[in-house]
Amino acid sequence: MTQALLGRSAAELQDWAVAQGQKPFRGRQLHDWIYAKGARSLADITVFPKTWRAALVEAGVDVGRLKEVHHSVATDATTKLLLSTEDGETIETVGIPTDQRLTVCVSSQVGCPMACRFCATGKGGLQRSLQTHEIVDQVLSVREAMDRRPSHIVFMGMGEPLLNSSAVLEAIRCLNDDLGIGQRRITVSTVGVPKTLPQLAELAMQRLGRAQFTLAVSLHAPNQRLREELIPTAHAYPYDALLEDCRHYLDVTGRRVSFEYILLGGLNDQPEHAAELADRVGGFQSHVNLIAYNPIEEEEFKRPTPQRIEAFRRVLERRGVAVSLRASRGLDQNAACGQLRRQQMAPNTPS
(Lines of atoms letter the chains of each structure in order from A; the text may use other names.)
(Lines give C-alpha, C1' and ligand atoms only; values in the text may rest on other atoms or scores of the structure.)
Protein backbone atom coordinates (compact mmCIF):
# COMPACT_ATOMS: atom_id res chain seq x y z
CA MET A 1 0.00 0.00 0.00
CA THR A 2 1.15 3.54 -0.76
CA GLN A 3 2.52 5.62 2.10
CA ALA A 4 0.22 8.64 1.79
CA LEU A 5 1.44 12.17 2.47
CA LEU A 6 -2.05 13.68 2.26
CA GLY A 7 -3.53 14.23 5.70
CA ARG A 8 -0.25 15.19 7.36
CA SER A 9 0.24 18.56 8.99
CA ALA A 10 2.79 21.18 7.94
CA ALA A 11 5.04 20.22 10.87
CA GLU A 12 4.76 16.51 10.06
CA LEU A 13 5.63 17.09 6.41
CA GLN A 14 8.61 19.22 7.38
CA ASP A 15 9.87 16.56 9.80
CA TRP A 16 9.31 13.90 7.15
CA ALA A 17 11.32 15.86 4.56
CA VAL A 18 14.20 16.28 7.00
CA ALA A 19 14.10 12.54 7.75
CA GLN A 20 14.50 11.96 4.00
CA GLY A 21 17.71 14.01 4.03
CA GLN A 22 16.08 17.14 2.59
CA LYS A 23 16.02 20.72 3.83
CA PRO A 24 13.00 21.79 5.96
CA PHE A 25 11.73 24.06 3.15
CA ARG A 26 10.97 20.94 1.08
CA GLY A 27 8.32 20.04 3.64
CA ARG A 28 6.78 23.49 3.35
CA GLN A 29 6.77 23.17 -0.44
CA LEU A 30 5.12 19.77 -0.15
CA HIS A 31 2.39 21.17 2.09
CA ASP A 32 1.68 23.97 -0.39
CA TRP A 33 1.54 21.62 -3.38
CA ILE A 34 -0.72 19.10 -1.67
CA TYR A 35 -3.24 21.44 -0.04
CA ALA A 36 -3.13 24.72 -1.98
CA LYS A 37 -2.23 23.52 -5.47
CA GLY A 38 -3.99 20.14 -5.24
CA ALA A 39 -1.16 17.94 -6.51
CA ARG A 40 -2.46 14.48 -7.38
CA SER A 41 0.91 12.76 -7.40
CA LEU A 42 4.57 13.47 -6.74
CA ALA A 43 4.98 13.78 -10.51
CA ASP A 44 2.95 17.01 -10.28
CA ILE A 45 5.37 18.58 -7.80
CA THR A 46 7.82 19.89 -10.36
CA VAL A 47 9.87 21.90 -7.85
CA PHE A 48 11.24 18.62 -6.50
CA PRO A 49 14.21 16.98 -8.24
CA LYS A 50 13.10 14.21 -10.61
CA THR A 51 15.53 11.77 -9.05
CA TRP A 52 14.07 12.30 -5.58
CA ARG A 53 10.50 11.99 -6.84
CA ALA A 54 11.37 8.75 -8.60
CA ALA A 55 13.08 7.38 -5.51
CA LEU A 56 10.05 8.18 -3.35
CA VAL A 57 7.64 6.49 -5.75
CA GLU A 58 9.95 3.46 -5.85
CA ALA A 59 9.81 3.39 -2.04
CA GLY A 60 6.00 3.39 -2.11
CA VAL A 61 5.47 7.04 -1.19
CA ASP A 62 2.98 9.30 -2.96
CA VAL A 63 0.41 12.00 -2.27
CA GLY A 64 -2.35 9.45 -1.72
CA ARG A 65 -5.15 10.85 -3.89
CA LEU A 66 -8.16 8.76 -4.89
CA LYS A 67 -9.20 8.12 -8.48
CA GLU A 68 -12.40 9.64 -9.85
CA VAL A 69 -14.49 6.90 -11.43
CA HIS A 70 -17.68 8.80 -12.16
CA HIS A 71 -18.90 12.38 -12.00
CA SER A 72 -22.58 13.33 -12.19
CA VAL A 73 -24.31 16.69 -11.88
CA ALA A 74 -27.94 17.12 -10.83
CA THR A 75 -30.26 19.75 -12.24
CA ASP A 76 -29.71 21.86 -9.10
CA ALA A 77 -25.90 21.74 -9.66
CA THR A 78 -25.34 19.26 -6.82
CA THR A 79 -22.31 17.22 -7.87
CA LYS A 80 -21.73 13.58 -6.91
CA LEU A 81 -18.37 11.86 -7.30
CA LEU A 82 -17.71 8.14 -7.23
CA LEU A 83 -14.13 7.67 -6.07
CA SER A 84 -11.95 4.57 -6.11
CA THR A 85 -9.50 3.76 -3.32
CA GLU A 86 -6.12 2.11 -3.81
CA ASP A 87 -7.52 -1.30 -2.84
CA GLY A 88 -10.36 -1.01 -5.36
CA GLU A 89 -13.20 -0.03 -3.02
CA THR A 90 -15.54 2.78 -4.06
CA ILE A 91 -17.12 5.61 -2.09
CA GLU A 92 -19.36 8.53 -2.93
CA THR A 93 -19.00 12.17 -1.95
CA VAL A 94 -21.26 15.09 -2.80
CA GLY A 95 -20.72 18.81 -3.39
CA ILE A 96 -23.79 20.91 -2.56
CA PRO A 97 -23.52 24.50 -3.84
CA THR A 98 -25.48 27.64 -3.04
CA ASP A 99 -24.66 31.24 -3.88
CA GLN A 100 -22.95 31.74 -0.53
CA ARG A 101 -21.37 28.36 0.22
CA LEU A 102 -20.16 24.99 -1.01
CA THR A 103 -20.88 22.14 1.38
CA VAL A 104 -19.09 18.82 0.91
CA CYS A 105 -20.85 15.72 2.23
CA VAL A 106 -18.05 13.26 3.00
CA SER A 107 -18.04 9.53 3.70
CA SER A 108 -16.20 8.03 6.67
CA GLN A 109 -16.49 4.34 5.77
CA VAL A 110 -16.86 2.09 2.75
CA GLY A 111 -20.48 1.11 3.27
CA CYS A 112 -22.13 1.21 6.68
CA PRO A 113 -22.93 -1.36 9.40
CA MET A 114 -25.88 0.49 10.95
CA ALA A 115 -28.47 -0.76 8.39
CA CYS A 116 -30.99 2.06 8.83
CA ARG A 117 -34.03 0.95 6.85
CA PHE A 118 -34.48 4.25 4.99
CA CYS A 119 -30.83 4.57 3.91
CA ALA A 120 -29.28 3.05 0.78
CA THR A 121 -25.73 2.95 2.14
CA GLY A 122 -26.42 0.31 4.78
CA LYS A 123 -28.01 -2.09 2.29
CA GLY A 124 -24.56 -3.23 1.16
CA GLY A 125 -23.06 -3.62 4.64
CA LEU A 126 -19.65 -2.43 5.78
CA GLN A 127 -16.42 -3.17 3.93
CA ARG A 128 -13.96 -1.11 5.98
CA SER A 129 -13.32 2.29 7.55
CA LEU A 130 -11.60 5.02 5.57
CA GLN A 131 -8.16 6.34 6.40
CA THR A 132 -7.60 10.03 7.10
CA HIS A 133 -6.20 10.82 3.65
CA GLU A 134 -9.18 9.08 1.99
CA ILE A 135 -11.55 11.38 3.89
CA VAL A 136 -9.59 14.56 3.17
CA ASP A 137 -9.27 13.62 -0.51
CA GLN A 138 -13.04 13.84 -0.93
CA VAL A 139 -12.92 17.55 -0.12
CA LEU A 140 -10.04 18.13 -2.52
CA SER A 141 -11.79 16.11 -5.23
CA VAL A 142 -14.97 18.19 -4.93
CA ARG A 143 -12.92 21.39 -4.95
CA GLU A 144 -11.22 20.20 -8.13
CA ALA A 145 -14.43 19.01 -9.83
CA MET A 146 -16.42 22.15 -9.04
CA ASP A 147 -13.52 24.63 -9.28
CA ARG A 148 -14.64 26.24 -6.06
CA ARG A 149 -13.35 26.33 -2.50
CA PRO A 150 -15.48 24.29 -0.05
CA SER A 151 -16.76 26.31 2.89
CA HIS A 152 -18.62 23.69 4.95
CA ILE A 153 -18.14 19.98 5.62
CA VAL A 154 -20.75 17.47 6.79
CA PHE A 155 -19.85 13.92 7.77
CA MET A 156 -23.19 12.66 6.48
CA GLY A 157 -22.06 10.47 3.61
CA MET A 158 -21.44 6.74 3.74
CA GLY A 159 -20.61 5.19 7.10
CA GLU A 160 -20.93 5.83 10.83
CA PRO A 161 -18.29 8.44 11.77
CA LEU A 162 -18.09 7.43 15.43
CA LEU A 163 -17.02 3.92 14.43
CA ASN A 164 -14.01 5.60 12.79
CA SER A 165 -13.51 8.45 15.24
CA SER A 166 -9.70 8.50 15.17
CA ALA A 167 -9.49 9.02 11.40
CA VAL A 168 -12.47 11.40 11.43
CA LEU A 169 -10.96 13.63 14.12
CA GLU A 170 -7.60 13.68 12.36
CA ALA A 171 -9.39 14.59 9.12
CA ILE A 172 -11.13 17.45 10.97
CA ARG A 173 -7.73 18.65 12.20
CA CYS A 174 -6.43 18.57 8.63
CA LEU A 175 -9.47 20.32 7.17
CA ASN A 176 -9.20 22.99 9.85
CA ASP A 177 -5.44 23.54 9.98
CA ASP A 178 -4.31 22.67 6.45
CA LEU A 179 -7.33 23.66 4.35
CA GLY A 180 -8.53 26.53 6.53
CA ILE A 181 -12.09 25.31 7.10
CA GLY A 182 -13.26 26.40 10.56
CA GLN A 183 -14.46 23.75 12.99
CA ARG A 184 -17.75 25.59 13.40
CA ARG A 185 -18.39 24.88 9.71
CA ILE A 186 -17.91 21.14 10.19
CA THR A 187 -20.70 18.78 11.26
CA VAL A 188 -20.28 15.18 12.42
CA SER A 189 -23.44 13.10 12.16
CA THR A 190 -24.03 9.88 14.11
CA VAL A 191 -26.92 7.48 14.49
CA GLY A 192 -25.64 6.80 17.99
CA VAL A 193 -23.11 4.18 19.06
CA PRO A 194 -23.09 3.18 22.75
CA LYS A 195 -20.17 4.56 24.79
CA THR A 196 -18.81 6.70 21.93
CA LEU A 197 -20.57 10.00 22.60
CA PRO A 198 -19.19 10.45 26.14
CA GLN A 199 -15.71 9.84 24.74
CA LEU A 200 -16.06 12.08 21.69
CA ALA A 201 -15.80 15.45 23.43
CA GLU A 202 -12.81 14.39 25.52
CA LEU A 203 -11.06 12.83 22.53
CA ALA A 204 -11.72 15.93 20.43
CA MET A 205 -10.25 18.14 23.14
CA GLN A 206 -7.14 15.95 23.22
CA ARG A 207 -6.70 15.69 19.45
CA LEU A 208 -7.92 19.11 18.32
CA GLY A 209 -7.38 21.27 21.39
CA ARG A 210 -11.07 22.16 21.32
CA ALA A 211 -14.39 20.67 20.20
CA GLN A 212 -16.17 23.31 18.15
CA PHE A 213 -17.65 21.19 15.38
CA THR A 214 -21.38 20.50 15.41
CA LEU A 215 -22.64 17.13 16.60
CA ALA A 216 -25.73 15.94 14.69
CA VAL A 217 -27.55 12.94 16.17
CA SER A 218 -29.91 10.99 13.93
CA LEU A 219 -33.07 10.37 15.98
CA HIS A 220 -35.70 9.83 13.26
CA ALA A 221 -38.30 8.84 15.86
CA PRO A 222 -39.79 10.31 19.06
CA ASN A 223 -39.53 7.10 21.10
CA GLN A 224 -37.54 3.91 21.50
CA ARG A 225 -40.08 1.53 19.96
CA LEU A 226 -40.39 3.37 16.66
CA ARG A 227 -36.67 4.12 16.55
CA GLU A 228 -35.87 0.40 16.77
CA GLU A 229 -38.20 -0.25 13.83
CA LEU A 230 -36.24 2.20 11.67
CA ILE A 231 -32.73 1.67 13.06
CA PRO A 232 -31.97 -1.98 13.96
CA THR A 233 -28.94 -1.07 16.08
CA ALA A 234 -31.02 1.25 18.28
CA HIS A 235 -31.97 -1.66 20.54
CA ALA A 236 -28.49 -1.42 22.06
CA TYR A 237 -28.83 2.30 22.85
CA PRO A 238 -31.94 3.24 24.87
CA TYR A 239 -33.48 6.58 23.91
CA ASP A 240 -33.04 8.10 27.36
CA ALA A 241 -29.39 7.04 27.51
CA LEU A 242 -28.74 8.57 24.09
CA LEU A 243 -30.28 11.89 25.14
CA GLU A 244 -28.34 11.85 28.40
CA ASP A 245 -25.10 11.40 26.44
CA CYS A 246 -26.11 14.33 24.24
CA ARG A 247 -26.58 16.46 27.36
CA HIS A 248 -23.11 15.41 28.52
CA TYR A 249 -21.65 16.48 25.17
CA LEU A 250 -23.34 19.88 25.51
CA ASP A 251 -22.06 20.30 29.07
CA VAL A 252 -18.47 19.47 28.10
CA THR A 253 -18.25 21.43 24.83
CA GLY A 254 -20.83 24.19 25.22
CA ARG A 255 -22.01 23.36 21.70
CA ARG A 256 -25.69 22.70 21.10
CA VAL A 257 -26.65 19.35 19.60
CA SER A 258 -28.51 19.07 16.32
CA PHE A 259 -31.11 16.30 16.01
CA GLU A 260 -31.77 14.88 12.54
CA TYR A 261 -35.28 13.61 11.85
CA ILE A 262 -36.24 11.99 8.54
CA LEU A 263 -39.97 12.34 7.95
CA LEU A 264 -41.57 9.15 6.60
CA GLY A 265 -45.12 9.52 5.33
CA GLY A 266 -47.68 7.93 7.65
CA LEU A 267 -45.03 6.46 9.93
CA ASN A 268 -43.35 9.16 12.02
CA ASP A 269 -44.79 12.39 10.63
CA GLN A 270 -47.99 12.84 12.63
CA PRO A 271 -48.65 15.81 14.95
CA GLU A 272 -48.56 13.49 17.95
CA HIS A 273 -45.06 12.37 16.91
CA ALA A 274 -43.98 16.02 16.78
CA ALA A 275 -45.46 16.67 20.22
CA GLU A 276 -43.69 13.64 21.69
CA LEU A 277 -40.42 14.67 20.07
CA ALA A 278 -40.75 18.16 21.54
CA ASP A 279 -41.25 16.67 24.99
CA ARG A 280 -38.06 14.60 24.61
CA VAL A 281 -35.63 17.17 23.18
CA GLY A 282 -37.10 20.42 24.46
CA GLY A 283 -35.34 20.26 27.79
CA PHE A 284 -31.89 21.37 26.69
CA GLN A 285 -30.12 23.49 24.08
CA SER A 286 -30.66 21.74 20.76
CA HIS A 287 -31.95 22.12 17.23
CA VAL A 288 -34.13 19.79 15.17
CA ASN A 289 -33.34 19.43 11.48
CA LEU A 290 -36.25 17.93 9.55
CA ILE A 291 -35.49 15.96 6.38
CA ALA A 292 -38.17 14.76 4.00
CA TYR A 293 -37.57 11.12 3.01
CA ASN A 294 -35.57 10.66 -0.19
CA PRO A 295 -36.67 7.47 -2.00
CA ILE A 296 -34.46 4.39 -2.41
CA GLU A 297 -35.19 1.27 -4.48
CA GLU A 298 -35.30 -1.27 -1.67
CA GLU A 299 -37.97 0.35 0.51
CA GLU A 300 -41.54 1.51 0.00
CA PHE A 301 -41.50 4.39 2.46
CA LYS A 302 -43.33 7.48 1.28
CA ARG A 303 -42.29 11.11 1.29
CA PRO A 304 -44.75 13.20 3.34
CA THR A 305 -46.80 15.90 1.68
CA PRO A 306 -45.58 19.49 2.04
CA GLN A 307 -48.65 20.18 4.20
CA ARG A 308 -47.79 17.32 6.57
CA ILE A 309 -44.17 18.49 6.82
CA GLU A 310 -45.26 22.04 7.60
CA ALA A 311 -47.75 20.84 10.23
CA PHE A 312 -45.00 18.81 11.93
CA ARG A 313 -42.68 21.81 11.91
CA ARG A 314 -45.34 24.09 13.38
CA VAL A 315 -45.97 21.76 16.32
CA LEU A 316 -42.28 21.82 17.22
CA GLU A 317 -42.07 25.57 16.78
CA ARG A 318 -45.12 26.24 18.96
CA ARG A 319 -43.53 24.15 21.71
CA GLY A 320 -40.38 26.24 21.65
CA VAL A 321 -38.12 23.83 19.77
CA ALA A 322 -35.64 25.38 17.33
CA VAL A 323 -36.41 23.68 14.02
CA SER A 324 -35.50 23.92 10.33
CA LEU A 325 -36.29 21.96 7.19
CA ARG A 326 -33.39 20.75 5.07
CA ALA A 327 -33.95 21.16 1.34
CA SER A 328 -33.40 17.95 -0.63
CA ARG A 329 -30.57 18.42 -3.12
CA GLY A 330 -29.38 16.16 -5.93
CA LEU A 331 -32.46 13.93 -6.00
CA ASP A 332 -32.32 13.27 -9.75
CA GLN A 333 -28.79 11.85 -9.40
CA ASN A 334 -29.43 9.87 -6.18
CA ALA A 335 -27.14 12.30 -4.37
CA ALA A 336 -29.57 13.32 -1.62
CA CYS A 337 -29.50 12.34 2.05
CA GLY A 338 -29.84 8.56 2.44
CA GLN A 339 -29.26 7.77 -1.24
CA LEU A 340 -25.49 7.22 -1.38
CA ARG A 341 -24.18 3.78 -2.21
CA ARG A 342 -21.17 2.11 -3.79
CA GLN A 343 -22.35 1.92 -7.38
CA GLN A 344 -21.67 3.53 -10.73
CA MET A 345 -24.58 5.05 -12.57
CA ALA A 346 -24.97 5.58 -16.29
CA PRO A 347 -22.57 8.24 -17.61
CA ASN A 348 -23.62 11.83 -17.09
CA THR A 349 -20.59 14.09 -16.99
CA PRO A 350 -17.21 12.75 -18.11
CA SER A 351 -14.53 12.60 -15.47
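Backbone N, Cα and C define each Cβ position, glycine as well.
Pulled from Swiss-Prot, these are the features on record:
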- GLU92: active site, proton acceptor (ACT_SITE)
- 98-332: domain 'Radical SAM core' (DOMAIN)
- CYS105-CYS337: disulfide bond (DISULFID)
- CYS112, CYS116, CYS119: [4Fe-4S] cluster binding site (BINDING)
- GLY159, GLU160, SER189, SER218, LEU219, HIS220, ASN294: S-adenosyl-L-methionine binding site (BINDING)
- CYS337: active site, S-methylcysteine intermediate (ACT_SITE)
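Annotated features, which come from Swiss-Prot, shown on the structure.
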residue: CYS112; record: [4Fe-4S] cluster binding site; DSSP class: coil
residue: CYS119; record: [4Fe-4S] cluster binding site; DSSP class: coil
residue: GLY159; record: S-adenosyl-L-methionine binding site; DSSP class: coil
residue: SER189; record: S-adenosyl-L-methionine binding site; DSSP class: strand
residue: SER218; record: S-adenosyl-L-methionine binding site; DSSP class: strand
residue: ASN294; record: S-adenosyl-L-methionine binding site; DSSP class: coil
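Cα of LEU219 (S-adenosyl-L-methionine binding site) to Cα of CYS105 (disulfide bond): a distance of 19 Å. On a Cα basis, CYS116 ([4Fe-4S] cluster binding site) lies 10 Å away from HIS220 (S-adenosyl-L-methionine binding site). If you take the C-beta of SER218 (S-adenosyl-L-methionine binding site) and look for same-chain residues 6 or more apart in sequence within under 8 angstroms, you find CYS116, SER189, THR190, VAL191, GLY192, ILE231, PHE259, GLU260, ILE262. The separation of GLY159 (S-adenosyl-L-methionine binding site) from CYS112 ([4Fe-4S] cluster binding site), Cα to Cα, is 4 Å.
Ranking the recorded positions CYS105, CYS116, CYS119 by how many other Cβ atoms lie within 10 angstroms of each Cβ puts CYS116 at the bottom. Checking each of the recorded positions (GLU92, CYS119, GLY159, GLU160, ASN294) against CYS105 (disulfide bond), the C-alpha distance stays within 10 Å for GLU92.
The average pLDDT for the domain 'Radical SAM core' (98-332) in the predicted structure is 93. Residue density at SER189 (S-adenosyl-L-methionine binding site): 22 other Cβ atoms are found within 10 A of its Cβ, drawing on all protein chains shown. Nearest Cα neighbour of the residue listed as 'active site, proton acceptor' among the listed binding-site residues (CYS119, GLY159, GLU160, ASN294): GLY159.
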